[in-house]
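Undergrad: Okay, here's the structure, questions in a sec.
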Amino acid sequence: MAFKSLIIAIAIMAVISSMSHASDPSPLQDFCVAVDDTKNAVFVNGKFCKDPKLVVAEDFFKSGLNMPGNTSNNVGSAVTPVNVNNLPGLNTLGISLARIDYAPYGLNPPHTHPRGTEFLVVLEGTLYVGFVLSNPGPNMKNKLFTKILHPGDVFVFPIGLIHFQFNPGKTKTVAFAGLSSQNPGVITIANAVFGSDPPINDDVLAKAFQIENKVVDYLQSQFWWDNN
Ligand SMILES: *[C@@H]1O[C@H](CO)[C@@H](O)[C@H](O)[C@H]1NC(C)=O
């Protein structure tokens, strides 16, 4: 039976590739919880594949990136992502992109992409961009790299590092970003820390940020806009 031999071929390939790659595969989503009962398990890291016979050009197509995002929000920016969740042809291809619009003085607040390196090209306007390195060691500070970008300039944000973009100008800014994952993920630092559901315990945040509990309560009571 063709299906049976396909399963055997996949099993053999899985064994061979696990021997040639000594490390774990990179996750394509936040988590993939292990189960011992195989009945309801899903053996996938990413999304299922459509039957190739049923694939059409539209699976690789998306329109609308000529349209600016709505920047009328607390931070004055809007990210329009194009990833495997809205362009299914990207599954397993390790790449995605985003259009980012910034109102005058708009900010794409400090965030990280846990699964992707990003490069950003400015098409219009000005951007003050930066990223911070991971902890360097005892008694040393996390190093910050910044740059002012103009149209045509490109900047790279290495995978996992906290980064931001701010429009210091009186006119709007438009940028496009490429990301090295079909699903790079976004963790907006303020939203994750002060806007989680349920909230993180006051004592934890008070100690971590060296502030009083009432400041924690104030921050937790704010509306943390997700610009993605
Ligand atoms: C943009 O968002 C604001 C706030 O949510 C809303 O009031 C406004 O109608 C939106 N504009 C467009 C063009 O969708």
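One is the number of the first residue shown, and numbering goes on along the chain from there.
Note that Cβ sites are derived from N, Cα and C of the backbone, with glycine treated the same way.
Curation plays no part in TrEMBL annotations; they are all automatic predictions.
TrEMBL feature annotations, pasted as is:
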BINDING   N108, H113, E118  oxalate binding site
BINDING   H111, H113, E118, H163  Mn(2+) binding site
DISULFID  C32-C49  disulfide bond
DOMAIN    63-217  domain 'Cupin type-1'
SIGNAL    1-22  signal peptide
Undergrad: Are any of C32, C49, H163 (the recorded positions) within 10 Å of N108 (oxalate binding site) when you go C-alpha to C-alpha, and if so which?
TA: H163
Undergrad: Within 10 Å of the Cβ of E118 (oxalate binding site), how many other Cβ atoms are there?
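TA: 23, counting other Cβ atoms within 10 Å of E118 (oxalate binding site).
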Undergrad: Could you check which of the recorded positions C32, C49, E118 is the closest Cα neighbour of H111 (Mn(2+) binding site)?
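TA: Going through C32, C49, E118 one by one, the Cα closest to that of H111 (Mn(2+) binding site) is E118.
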Undergrad: Tell me, which recorded positions from C32, C49, H113 are within 10 Å of H163 (Mn(2+) binding site) if we use the C-alpha atoms?
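TA: Cα within 10 Å of H163 (Mn(2+) binding site): H113.
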Undergrad: Across all chains shown, how many C-beta atoms besides its own are within 10 angstroms of the C-beta of H113 (oxalate binding site)?
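TA: Counting Cβ neighbours of H113 (oxalate binding site) within 10 Å gives 24.
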Undergrad: For C32, C49, listed as disulfide-bonded residues, tell me which one has the smallest number of other Cβ atoms within 10 Å.
TA: C49
Undergrad: Output the one of N108, H111, H163 that, of all these binding-site residues, has the highest number of other Cβ atoms within 10 Å of its Cβ.
TA: N108
Undergrad: Roughly how many Å lie between the Cα atoms of C32 (disulfide bond) and H113 (oxalate binding site), rounded to a whole value?
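TA: Answer for this pair: 18 Å between alpha carbons.
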Undergrad: Pop the Cα-Cα gap between C49 (disulfide bond) and H113 (oxalate binding site) into the table, whole Å please.
TA: 24
Undergrad: Rounded to a whole number, how many Å is the Cα of E118 (oxalate binding site) away from the Cα of C49 (disulfide bond)?
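TA: With the alpha carbons as reference points, the distance is 26 Å.
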Undergrad: Would you list, in sequence order, the residues of this chain other than H111, H113, E118, H163 that have their CB within 8 A of the centroid of the site's CB atoms, where the site is the one recorded for Mn(2+)?
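TA: Going along the sequence, the neighbours come out as T112, G116, F131, F157, L161, I162, P184, V186.
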